[in-house]
Amino acid sequence: MASLQSSFTVRSTIPTTRIPPSQLAVTKRSVVSCSGGGVDRRNMLLGLGGLYGATSLVPGQKAEASPILPPDLSTCDPKGAWTTKGTEVVVLDVNCCPPYTDVQTDYKLPRVTKPRVRPAAHRISKEYLAKYELAIKKMRELDVTDPDDPRGFTQQANIHCAYCNGPYDQIGFPGVDLQVHNSWIFFAFHRWYLYFYERIMGELIGDPTFALPYWNWDNPRGMQMPPAFDNENSPLWDINRDPAHRPPALVTLTLTNPPVTDPVQIIANNLTQMYKEMIGDVESAIDFMGDPYSAGMQPPARASGGSSEGGSHAGVHVWTGNPANSNREDMGNFYSAGRDPIFYSHHANVDRMWTVWKDIPANYSKDINDTDFKDAAFMFYDEKKNLVRVKVADCLDHTKMGYKYEHSDTPWTAYRPAQRAVPVDIKKLSKNATTPDKLFPLKLNKTVRVLVPKPSKGAADEVLVLEKIVADSTKLIRFDVFVNDEDDKPQELDRAEYLGGFTQVPHRARAQESASDLRLNLKELYENINIADDDSIVVTIIPHINGDEVTIGGIKIIPRVAA
């Protein structure tokens, strides 16, 4: 029991002649999606000791790696895109393309005199809220008075859709979509996105000191939807949210079925998730940031994302979106997430987690020095409506961008599970487990227990690999993984035996299914469960949501290779 003391194949699009958005007739909000390819980047890195391989590149292209380049806005597909659902071809008519101009400049960060301070959203004053509402009101007014103004609310929301859902091809790789999720560019893209969004708000209200509030969902005091977003008469309101999750409902960073209802257990699970994705499960910068993504690579699959992206980030998206909508719009699907004002405060806290992680002591480097990472670039419109190019390298120090975060306590830093006093009797526990050769491949329509051999005995530095996971990309997916677990308490994650989970945010893809591997570090868990000198472990996989839509090809344990 918890005590408060104490986890996509992208559509190909055909470039078309650019048409201004105001001349397009968009008839409905059809579904476009974030999606990713079946190339397993993490497996490649482990197998090749961190080297890049030609198998991740588009056939016929050179194996040389190079950074992701900013998109060519003139080739953005304004008619939406197509996808498949089963054998049916579905034409999507969502237009995510930005206003076009051929005047582009390299952005230079302005000199910082006094940093903007991003406050916790649940603590903002009435005066601050009034400024925030005024800024969003003016952005929404631009949707009506000047739909092609890139500072308008809809135009800003479309940025996420365009960089996620396939309107852009990678420069030099026709037919290969540009994707900003599930890789090491995830944090940097969203940091730049919020940077310009924040400056646009300040410009529209005439206050350059204005800063975006962050949704403090990692702290128990902020684990509700902030009151500012729960006023139906406010510009911050969005009808497309889960009505059951209005305050005082507690946010759940992990998903279980049935849902946890005990407030104490919800908070304990949330703090456990935060500890694991920020500290316990992270043994390298790649673990936290996500796998490498370079020019010519097919868009990465869900399991290639970093621990935070696939953890609390995904959990809050799903929790906020409306399950009554076909694709959990708005927040529950990446194509529509930017239409909810709370998206930006959610991502402000995601960005804050990046800054917090950088300051947590660790025995590995927090820096990624690869030029393919640092030289990756994007296009945004600034607060003066200028189209500018930005690089990842220029956003790695957020203080140089002129903002900082109001302090909030992080109680999850001390939320490592208590160590078991006595190791489990593996011989006894394994009587109810099956060997991999008799179980896989399997459809995850029920809880399974499998006896998995270890490369080394005892508390070795190892990784559990769930291989070739295939899931319907249009479905919300969640399952959890426990090791040497004698108890049947799948809703209690604040235990030594909990290893981690898999969460898939619903999305559309060219192919309905794509395969990826899930990797979970075992080193700290071995210490937590006080593992004996055993040569195998019992892994329990528990489906919570749409397990019958998931197939797992295999399971194994491998030595961890330093990234």
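Backbone N, Cα and C atoms are what each Cβ position is placed from, and that goes for glycine too.
Here TrEMBL flags C76-C97, C96-C161 as disulfide bond. According to TrEMBL, the Cu cation A binding site annotation covers H160, H181, H190. As annotated by TrEMBL, Cu cation B binding site applies to H313, H317, H347. If you look up TrEMBL, you'll see 508-535 marked as coiled coil.
In three-state terms derived from DSSP, C96 (disulfide bond) belongs to neither a helical nor a strand segment and is classed as coil. Annotation note: H347 (Cu cation B binding site) sits in a helical segment as assigned by DSSP. Burial estimate for the binding-site residues (H160, H181, H313, H317): highest at H181, by number of other CB atoms within 10 Å. The two recorded residues H190 (Cu cation A binding site) and H347 (Cu cation B binding site) have their Cα atoms spaced 7 Å from each other. Cα-Cα distances to C96 (disulfide bond) place none of the binding-site residues H181, H313, H317 within 10 Å. Excluding H313, H317, H347, which define the Cu cation B site, the same chain contributes E309, S312, A314, V316, A337, F343, H346, V350 within 8 Å (Cβ to the Cβ centroid), listed in sequence order. Comparing Cβ neighbour counts within 10 Å across the disulfide-bonded residues C76, C96, C97, C161, the minimum falls on C76.
DSSP assigns H181 (Cu cation A binding site) to coil, not to a helix or a strand. Here the Cα atom of C161 (disulfide bond) is found 11 Å from that of H181 (Cu cation A binding site).
Note on the coiled coil (508-535): mean pLDDT across this stretch is 82.
Among the binding-site residues H181, H313, H317, H347, none has a Cα sitting within 10 Å of the Cα of C76 (disulfide bond).
Its Cβ placed at the centre, H190 (Cu cation A binding site) has 23 other Cβ atoms within 10 Å. C97 (disulfide bond) sits 10 Å from H160 (Cu cation A binding site), taking the C-alpha atoms as the reference points.
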